[in-house]
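Asker: Features from Swiss-Prot:
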BINDING   Gly307, Leu308, Ser309, Gly310, Thr311, Gly312, Lys313, Thr314  ATP binding site
COMPBIAS  27-48  compositional bias 'Low complexity'
REGION    27-67  region 'Disordered'
Amino acid sequence: MGDPVIRTASPYTNPIIKCPRLQRLSSGPSSSFINNNNSNNNNNKSSNMFNHDHVNKTNLHPGGVKPHVEHTELEEELHQKAHIDYDRVAIIANPSVASLYEDALVYETGTAITSSGALTAYSGKKTGRSPSDKRIVKEPSSENDIWWGPVNKPMSPEVWKINRERAVDYLNTRNRIYVVDGYAGWDEKYRIRVRVVCARAYHALFMRNMLIRPPREELEHFHPDYTIYNAGSFPANRYTEGMSSSTSVAINFAEKEMVILGTEYAGEMKKGIFTVMFYEGPVKHNILTLHSSANEGKDGDVTLFFGLSGTGKTTLSADPNRRLIGDDEHCWSDRGVFNIEGGCYAKTIGLSAEKEPDIFNAIRYGSVLENVVFNPETREVDYGDATLTENTRCAYPIEYIPNAKIPCLSPNHPKNIILLTCDARGVLPPISKLDSAQTMFHFISGYTSKMAGTEDGILEPQATFSSCFAQPFLALHPMRYAKMLAEKIENHNANAWLLNTGWVGAGFAQGGKRCPLKYTRAILDAIHSGELANVEYENYEVFNLQVPKSCPGVPSELLNPKTAWTAGANSFDTEVKKLGGLFLENFKKYESEATEDVIKAGPVV
């Protein structure tokens, strides 16, 4: 069964442009009748009749509206560049939040308004990213820079054309498509203009939240640097050369376009732009793109937090005494630090007002909840329910965070660089001070540990390594980013730290406990106050890390894993050497590009 009504945007948003009915009223027989009648009463009647028909007419009006007769600059551009059929498809450009709510509720299965006012949407079969289906077009302008391999698999220009044509063909079958224009990057010198062309209102609202929203006057003549064609509801042809499934997420740096087929997971658009910035930043502007959160103290001191999922990146950067620059994606340039995004994309599984009040309160009108379970009567969301996925999310404008710094940038260079890890073996110190080579080694390693599921019978934690804490999104070789980071740290005299939010006293398997959040926050406070830089340090063997002998607010016995260990000396030696070996094994694939001092900065087993 098709749509109950044809929905498109009204082409008569400009009051100066007369709609056909108004044109008939102002000329022709009807107009003569009105003009020849001098009765004020009759004039009022005709005026009231017009108002009744045209005031407050929304997209849900039974008569619907049709594509523009006189095409806009934006429509002409889409028609010329992508052959969007603007005579058949209504192009809804930069719609309001309210109209996107209406469209999502009427046309998209699984959408609803929750009790907090947020829109909830269902992303379909795919509830997370599809990294194995990511492709980069292999073409002359970028092929010598790209880090080819499992992360960036090549796609031929011919296959790109097939997939792009398939996406555009699908978009041309829709009654309406949405266009969202915005910026990636808060620094005007380095930002890129992004256009999203999609078929789902949920996707449009998501990217409206995640991109930086331009003033209305800047949208009138907006010309994108990069365009995303999201036809995620339509599959790729899995028999096309190089396709591994019916899902395809492809980026063409020469054409400055991205095409999505076979996945409706909105995060693919966000992370696609992130990959673009990982390429454009270093290659075009010599700026460093980072998978990090960032905040700023009252004196303007900036801290960057790197970390994989579950290490505390979002939690620790949310500090009542510091302003949030951003929670996920940043660039470090010669002009300071800036956020790439205009919004936040927070995990919501297990969310509560007590644990994360800022995120909880940001879930309101204008926000998009993704794949959550809610009570159909009360519309209250059960954030503990992972029936659809563990990866439940919410996208909201960064303005919804009370202590966000708007604009989201700082002219100051970072004073502290914090590499977060969650070591479930309990053998990494809660805090270590890193030198330049160690910073590069641990940045490239990107270590954390994930707890094994009980169903597979494995009791010990699983080591996870993600280069630069961002491996799925990298465009260039990790060493290129690591060298840039080391240079910037050296040039701006930044302090680098390895902060373990994982287990202390013993590992997870030996009955240890996770480091209390109050101690982790005390460590951060000592870093920000400068106290931790001035205490006495000792060398921690195997990993050769500099560990403080004391830290305000933290028991001294917890600072060195060897002295804190409660599960027997033999088990400690076994665990620390085992983890050291995993680090060395993982780093082998980067040794050909690494300098001798960086290789030697790893563990000595």
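Backbone N, Cα and C atoms are what each Cβ position is placed from, and that goes for glycine too.
Note that the coordinates shown come from a computational prediction; the quantities given were computed from them, not determined experimentally.
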Asker: Fewest other C-beta atoms within 10 angstroms of its own C-beta: which of the binding-site residues Ser309, Thr311, Thr314 fits that?
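Answerer: Each of the binding-site residues Ser309, Thr311, Thr314 was scored; lowest Cβ tally within 10 Å is Ser309.
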Asker: Between the binding-site residues Gly307, Gly310, Gly312, where is the Cβ count within 10 Å the lowest?
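Answerer: Per-residue Cβ counts within 10 Å for the binding-site residues Gly307, Gly310, Gly312 bottom out at Gly310.
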Asker: Applying the rule Cβ within 8 Å of the centroid of the Cβ atoms of Gly307, Leu308, Ser309, Gly310, Thr311, Gly312, Lys313, Thr314, what extra residues of the same chain belong around the ATP site?
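Answerer: Going along the sequence, the neighbours appear as Thr315, Leu420, Cys422, Thr448, Thr501.
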Asker: For a quick check of packing: other C-beta atoms within 10 Å of the C-beta of Lys313 (ATP binding site), how many?
Answerer: 22
Asker: Which residues does Leu308 (ATP binding site) neighbour through Cβ under 8 Å, counting only same-chain ones at least six apart?
Answerer: Leu420, Cys422, Gly446, Thr448, Thr464, Ser466, Phe469
Asker: Through the lens of DSSP with three states only, how would you label Lys313 (ATP binding site)?
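Answerer: In three-state terms, Lys313 (ATP binding site) counts as helix.
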